[in-house]
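Taken verbatim from Swiss-Prot:
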ACT_SITE  Y132  active site, O-(5'-phospho-DNA)-tyrosine intermediate
DOMAIN    44-516  domain 'Topo IIA-type catalytic'
SITE      K52  site 'Interaction with DNA'
SITE      H88  site 'Interaction with DNA'
SITE      H90  site 'Interaction with DNA'
SITE      R131  site 'Transition state stabilizer'
Amino acid sequence: MNKPVLPPPGGPDDGDRILDEPLTEALSRRYLAYALSTIGSRALPDVRDGLKPVHRRVLYAMSNMRLNPDAAARKCAKVVGEVMGNFHPHGDASIYDALVRLAQEFSQRIPLVEGQGNFGNIDGDSAAAMRYTECKMTEAAMLLLDGIDEDAVDFRPTYDGQDEEPVVLPSGFPNLLANGSSGIAVGMATSIPPHNAAELIDACQLLLANPDATTADLLEKVPGPDFPTGGVIVESRASLLETYETGRGGVRMRAKWEKEDTGRGTYQIVVTEIPYQVKKSDLVEQLADLIDSKKAALLGDVRDESAEDIRLVLEPKSKNVEPEVLMESLFKLSALESRFPVNINVLDARGTPGVMGIKQALMAFLAHRREVLTRRARHRLAKIEARLHILDGLLIAYLNLDEVIRIVRYEDKPKEKLIETFGLTDIQADAILNTRLRQLAKLEEMEIRREHAELVEERDGILAMLASEAKQWKLVGVGLSEVRAALLKIKHPLDKPRPTGVTGRSVFGEAPQVDADAAIEAMIVREPITIILSERGWIRAAKGKIDDPSELKFKEGDKLGFLVPAETTDKLLIFSSDGRFFTLGCDKLPSARGHGEPVRMMIELDDKVKIIDVFPFKAGRKRILASKGGYGFLMPEEEALANRKAGKQVLNVGNEGAAFCLEAVGDQLAVIGDNGKILIFPLEELPEMPRGKGVKLQAYREGGLRDGLSFNAETGAYWIDTAGRRRDWAEWKEWVGRRAGAGKLVPKGFATNKRFRPK
């Protein structure tokens, strides 16, 4: 056995570094510190400049490296090394990924980095290694950094204390909403879509003119997101209003497409723009899989003919299919329609995380711009005061030029002599001594007084501005107008007119009311089939009718569970013991040549959940649902249709599970419990509900509900014994009682399994 490894003996001070505390408290404190670090230093953007620390550090490092738009690009590896060595104590991969994202036109609405080389593409291909690519800042990045060297923002020590970095950038435009952001922290996440910067600035101007403007007013200026990849936003205005009011919601977007005639009555669909953050290669693969799996019944072929622009060609299976119907079916099945989640979770000026609506975010940005304005003004004021002080000294020197020149030439300590003779300060004396004699002799009183007067006028203007909040807000608006004009010069091939009058990428539209399902069903040949579902959950569909079920073959240890006659155009409903309904298209079921396929591969059904009933959907029919706890209700069959693989929760079963799902065929309902007691009551006493728990059907001291039977009072009740023989029940009225009663014991000769029909 290996000997345990012990720590080396420590010195006399080691006891000071050993903490004796409960493990839970130590873990809790450290995890909290980690969570706060992740939230504040990595995952969430600042509401003022819209940047996470890594993006801010990349831009600041590039600014220090003088990688301005008019400069030559430098290797990205050089930038990453600068960021990692001086500001960001993390891996180079995360820094390079952040830099690459800032340069991608399909990721950023306004790219902040100009990349040269392979920076990835909309297909999802990665960027080239950092040693091969080069970068520099864009004009938009310069707008974010404008004033960084004029004390516009606070600085803090870097991680090693060797340098300083900005806490936030001056941010000339509302970058948070302009470029959006996404990130996952501990216990919270953020997801912000990009917007049109010109529209955002117009909204800011509206808030400057009317701080009481509502979110609805702001939506007149910012009607919705503006995604870099274009596309069509089909989210309703009411939904967008709620999203921007609360800061939470989502935006539904679709691919932009057009119809191209190919002659002889045929056509093809060409997709020119796809939803934001959808990888084109994955989309093509998804559409191809839909064709192979026969889920896209109207689509015949898909081709990617993209070059610099996106061009996905979709060929319909039949020329008789309407283009709108084809696209609606694909929107339902593929990423041609996507939903971008919105969660404007950001750090405020104090570093506190919180969810903001669009008005709160813009107001925080405007407050930041005002602070930047006043800080730059005070910085300029200090510069002016210093220059005026020097000009006063130079004016004294000019008025006494001969004496000043004599002192400078012949005195051993000219500085002390100047101060003593003319009453100058150290700064004024140094300024005179630092001026060459030739320049000192060329000083002109008019020039000094002119510069002095200009600076005094500028100083008075700054002081007046600092004393007036109204003037400050006015200058903020003027600055935003200048930034707006600069941003509008940035053009892109996808730019189109927007509702606000400016150009943008995304447009707005409405999803047409097209019944794609009906069109798909119309193309399915209507044929009779028999659905076979085994006890272990293997499903298949046989053509025609099965006369002798005993001839069916199953896997070893398996046997018949359900035998359901249907048609290929039917929707198959599956009811599970956890109260959920699942829907499968009968035309998509595997053939009966083999044993079929596990139904759990087609629907999300847990292994512990049992299938209670299987039947084809029929419009206008009603079902009786009941749980083993003895509760139930009446439900229209339309409420059972589910569009998701996870199904639709309809019956709240609690811990007991579902008991039965009966077709409502008469006016009476008979229920039997595990205790062998039967209760019959009118079906009209059951409420009709789309979902829920229902009302009490029968009372039990022990056990629960076992089975039920719906029948017509005129034809009478019955049961089917274990041999499959029908037994009419003439005395059924003796078991009639009030709903929720206990009932009476079963009649003589009743089925031994205490069920109205064999399970």
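Each Cβ is built from the backbone N, Cα and C atoms, and glycine gets one as well.
Worth saying up front: this structure is predicted, and the values here are computed from it rather than measured.
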* Structure fact -> One residue among the recorded sites H90, R131 has the fewest other C-beta atoms within 10 A of its C-beta, namely R131
* **Pairwise CA distance, Y132 (active site, O-(5'-phospho-DNA)-tyrosine intermediate) versus K52 (site 'Interaction with DNA'), rounded so that it is a whole Å** => 26
* For H88 (site 'Interaction with DNA'), what is the tally of other C-beta atoms lying within 10 angstroms of its C-beta? -> 25
* Packing count at K52 (site 'Interaction with DNA') (other Cβ atoms within 10 Å of its Cβ) -> 21
* Please name which of the recorded sites listed here, H88, H90, R131, is nearest in space to K52 (site 'Interaction with DNA'), Cα against Cα. => H88
* What's the CA-CA gap between R131 (site 'Transition state stabilizer') and H90 (site 'Interaction with DNA') in angstrom, rounded? -> 18
* Asked: Which whole-number mean pLDDT does the model give the domain 'Topo IIA-type catalytic' (44-516)?
  -> 93
